Amino acid sequence: MKTIIALSYIFCQVFAQNLPGNDNSTATLCLGHHAVPNGTLVKTITNDQIEVTNATELVQSSSTGRICDNPHRILDGKNCTLIDALLGDPHCDGFQNEKWDLFVERSKAFSNCYPYDVPDYASLRSLVASSGTLEFFNEGFNWTGVTQNGGSYACKKGPDNSFFSRLNWLYKSESTYPVLNVTMPNNDNFDKLYIWGVHHPSTDKEQTNLYVQASGRVTVSTKRSQQTIIPNVGSRPWVRGLSSRISIYWTIVKPGDVLLINSNGNLIAPRGYFKIRTGKSSIMRSDAPIGTCSSECITPNGSIPNDKPFQNVNKITYGACPKYVKQNTLKLATGMRNVPEKQTRGIFGAIAGFIENGWEGMIDGWYGFRHQNSEGTGQAADLKSTQAAIDQINGKLNRVIEKTNEKFHQIEKEFSEVEGRIQDLEKYVEDTKIDLWSYNAELLVALENQHTIDLTDSEMNKLFEKTRRQLRENAEDMGNGCFKIYHKCDNACIGSIRNGTYDHDVYRDEALNNRFQIKGVELKSGYKDWILWISFAISCFLLCVVLLGFIMWACQKGNIRCNICI
C-alpha cells in the first residue's frame with residue numbers, strides 16, 4: 001500500500017510540473033489599462049452610450065439660490081422699479097445718484113406717485129440700466145410766467161403733497177399760461193438724458209383750470225429729432241384717486257447739440273439731466289436674496305458657478321456665464337474606455353491583457369504591466385504612456401469653456417403691445433439660437449469624447465507595439481494582450497522590459513532552444529484548461545483502475561482476504 005501511495009504522489013508531482021505557469025523556463029507578460037467597477041456612460045459620434053472610467057458633467061443645472069454681491073456691484077431695487085427711481089418717486093429717494101453693475105428689480109416693487117405711463121418703457125429702462133448710474137445734475141431752466149413745483153395728493157412725501165423729484169409740474173400763474181420757449185445747449189463732451197412729460201387731464205374743466213387753454217401742446221426737439229405731443233383729455237381708470245395721467249418721454253442731447261422745449265400748456269418739465277455712460281451694466285427681475293459671496297455669473301434664480309461651459313438654469317444671465325442649452329446633462333469623457341475586469345481568469349487563475357478586459361485597482365497609472373514568472377506575479381504602471389494621455393486630455397474642459405462662455409450678459413427683452421409682431425419674431429430668433437447652441441453643444445461634446453477614447457486606445461496600442469518590438473522572437477503574442485516569454489525572465493528582466501532597457505540578444509539563444517522543446521501542438525487559451533482537466537480526470541480514473549486491478553489480483557493470490565458480512 002505504501003508503494004501505491006508513493007507512486008500516486010510522484011505522478012501528481014509530475015502532472016503539476018506540466019501545468020501552465022509552473023514552468024520556470026518561461027514567463028507571461030500582459031499589458032493592460034485601468035478599469036473601474038462602474039463607469040460613466042457618455043455619447044460619442046459613433047455611439048450613443050459608451051462606458052468610460054471617468055467623465056465630467058458640463059451642464060450647470062442648479063443655482064446657489066442667492067445673488068452674490070461680489071465681484072459685481074448689485075443694487076437691490078427693493079420696493080422701487082428702475083423707472084420710479086429715475087423719475088424720483090418720493091418712496092425711492094434713497095436711490096438718487098446710485099450706481100450699479102446689476103440693478104435687481106423685485107416683484108413687490110410698486111409706484112406710489114402720480115399715475116404715469118412710458119410709451120417707450122423698455123427702451124428707456126434698458127438705456128438707464130446699461131448706463132449703470134442715476135447720477136443727476138440740475139440745470140437752471142427759465143420758466144417765466146408760470147407756476148412751478150406742482151404737487152398732488154396721490155404723491156405723498158410724509159404728510160405733504162409732492163411730485164416726482166426729477167420733474168417740474170408747470171401750471172398757470174394767476175389766469176395766464178404763456179407760450180414757453182426754452183433752450184438748453186449741451187456744451188459738455190458727453191450725452192445728456194432729459195426726462196420730460198405731458199399731462200393728460202381727466203376733464204376739460206381740469207384742463208382749463210390748470211393751463212387756461214382748452215388744448216395744450218408740447219414740442220421737444222434737438223438738431224437730430226423732434227417730438228410733438230398733443231394731450232388727450234379724458235377719464236381713465238382710477239389709480240390712487242386720480243383718473244388723469246402723465247406720459248413720460250425722454251430725449252438724448254449729444255455734445256454740441258441744443259435742447260429746445262416749446263409749449264403752451266400741459267408740460268411736465270425736466271429739472272436737469274442724467275449723465276449717460278456706456279458700459280456693461282444691466283437690469284434683472286429676480287426675487288432671489290442678495291448674499292455675501294462671489295460669483296461671476298448671475299441669473300434670476302441666483303448666482304451660478306461658471307466653471308462649466310453650459311447651463312440650463314435660466315436663459316437670462318449677467319456676467320461671464322455658461323452658454324444656455326436645453327440639455328439637462330452633457331458629460332465630457334476625461335478617462336478611457338471602461339472594460340470592467342472579469343472576476344475569474346480560468347481555473348488556474350491565469351492573467352489576461354487589455355484585449356479581454358481592463359484591470360481594476362491600478363492606482364498609479366492608466367496603463368501598465370502584469371507578469372507571471374518563477375518568482376510569482378506582479379503589477380506595475382507605465383507612467384510615460386499614462387502621462388502622454390493625461391497631457392492631451394488635460395485642458396479639454398477649459399478649452400470647451402473658452403469656446404462657449406458668454407462674455408456679455410443676455411438681457412431681458414421687452415416690447416410694447418403694438419410691437420407684438422417684433423416680439424414674436426425676436427422670440428423665434430432666440431429660440432432658434434438656443435436650439436442651435438444645444439445641437440452644437442451636443443456635437444462638440446460627442447466629438448471631444450470620440451477623440452478622448454481614440455486617444456487612450458491609441459496610447460494602449462503604442463505601448464503594446466513598443467513591447468513587441470523589444471521582445472521580438474523571444475516571445476509570442478498570445479492574442480489577448482499578453483506575451484509568452486520563452487526564456488527565464490525574473491523580476492529584474494520584467495523590469496527591463498517595462499523601462500525599455502531589455503536586451504533581446506542576451507536571451508535569444510535560450511528562447512529559441514525553449515521554443516523547440518515545446519510540444520508540436522499548443523492549444524489555444526480558451527480550451528487548454530478544459531483539456532487539462534479532462535486529462536487529469538482520465539489519469540485519476542486509470543489510477544483507480546490500476547489500483548482496483550491490483551487489489552483483485554492480490555485477492556486471487558490470497559495475499560488479501562476480503563470478508564463480506566450480512
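Note that Cβ sites are derived from N, Cα and C of the backbone, with glycine treated the same way.
A 10 Å cutoff on Cβ-Cβ distances gives C68 (disulfide bond) a total of 21 other Cβ atoms nearby, all chains included. Residues or ranges marked as disulfide bond by Swiss-Prot: C68-C293 (among others).
Cβ neighbour count for C80 (disulfide bond): 24 (other Cβ atoms within 10 Å of its Cβ, all protein chains included). If you look up Swiss-Prot, you'll see C80-C92 (among others) marked as disulfide bond.
Annotation comment: Swiss-Prot describes C113-C155 (among others) as disulfide bond, evidence class sequence analysis. Cβ neighbours within 10 Å of C113 (disulfide bond), excluding its own Cβ and spanning all shown chains: 25.
If you look up Swiss-Prot, you'll see C297-C321 (among others) marked as disulfide bond, on the strength of sequence analysis. DSSP classifies C297 (disulfide bond) as strand under the three-state reduction.
Using a 10 Å radius centred on the Cβ of C489 (disulfide bond) and all shown protein chains, the other Cβ atoms total 29. As annotated by Swiss-Prot, disulfide bond applies to C489-C493 (among others).
Per Swiss-Prot, N-linked glycosylation site is recorded for N24 (among others), and the stated evidence type is sequence analysis.
Around the Cβ of N38 (N-linked glycosylation site), the same chain contributes P340, each under 8 angstroms and 6 or more positions distant in sequence. Swiss-Prot lists N38 (among others) with the feature N-linked glycosylation site, giving sequence analysis as the kind of evidence.
Following the DSSP three-state reduction, the secondary structure of N54 (N-linked glycosylation site) is coil. Of all the Cβ atoms in the protein chains shown, 17 others lie within 10 Å of the Cβ of N54 (N-linked glycosylation site). Annotation comment: Swiss-Prot describes N54 (among others) as N-linked glycosylation site, evidence class sequence analysis.
As annotated by Swiss-Prot, N-linked glycosylation site applies to N79 (among others). When secondary structure is read from DSSP and collapsed to three states, N79 (N-linked glycosylation site) falls in the coil class. Less than 8 angstroms from the CB of N79 (N-linked glycosylation site) sit H91, C92, R106, K108, A109, F110, each of them six or more residues away in the same chain.
As annotated by Swiss-Prot, N-linked glycosylation site applies to N142 (among others), with the evidence given as sequence analysis. The Cβ of N142 (N-linked glycosylation site) has 9 neighbouring Cβ atoms from other residues within 10 Å, across all protein chains displayed.
Sequence-distant neighbours of N181 (N-linked glycosylation site) (same chain, six or more apart, CB under 8 Å from its CB) are L260, I261, N262, listed in sequence order. Swiss-Prot lists N181 (among others) with the feature N-linked glycosylation site.
Look at Swiss-Prot and you will find N301 (among others) tagged as N-linked glycosylation site. Long-range neighbours of N301 (N-linked glycosylation site) (same chain, six or more residues apart, CB within less than 8 Å of its CB): S63, G65, S286, A288, V313, N314.
In the three-state DSSP scheme, N499 (N-linked glycosylation site) falls into the helix class. As annotated by Swiss-Prot, N-linked glycosylation site applies to N499 (among others), with the evidence given as sequence analysis.
Feature annotation from Swiss-Prot assigns S-palmitoyl cysteine to C555 (among others); the stated evidence is sequence analysis. Neighbour count (other Cβ atoms within 10 Å of the Cβ, all protein chains): 12 for C555 (S-palmitoyl cysteine).
What Swiss-Prot lists as S-palmitoyl cysteine is C562 (among others), and the listing cites sequence analysis.
Look at Swiss-Prot and you will find C565 (among others) tagged as S-palmitoyl cysteine.
Counting other Cβ atoms within 10 Å of each Cβ, the disulfide-bonded residues C92, C293, C297, C321 show the lowest value at C293. Other Cβ atoms within 10 Å of the Cβ of C155 (disulfide bond) number 22 in total over all chains.
For C68 (disulfide bond) paired with N142 (N-linked glycosylation site), the C-alpha to C-alpha distance reads 46 Å.
DSSP classifies C555 (S-palmitoyl cysteine) as helix under the three-state reduction. Checked against C155 (disulfide bond), the recorded positions C80, C293, C489, N499 differ in C-alpha distance, with C80 being the nearest.
If you take the Cα of C297 (disulfide bond) and the Cα of C493 (disulfide bond), they are about 57 angstrom apart, rounded to a whole number.
Cβ neighbour density within 10 Å is lowest for N499 among the recorded positions C493, N499.
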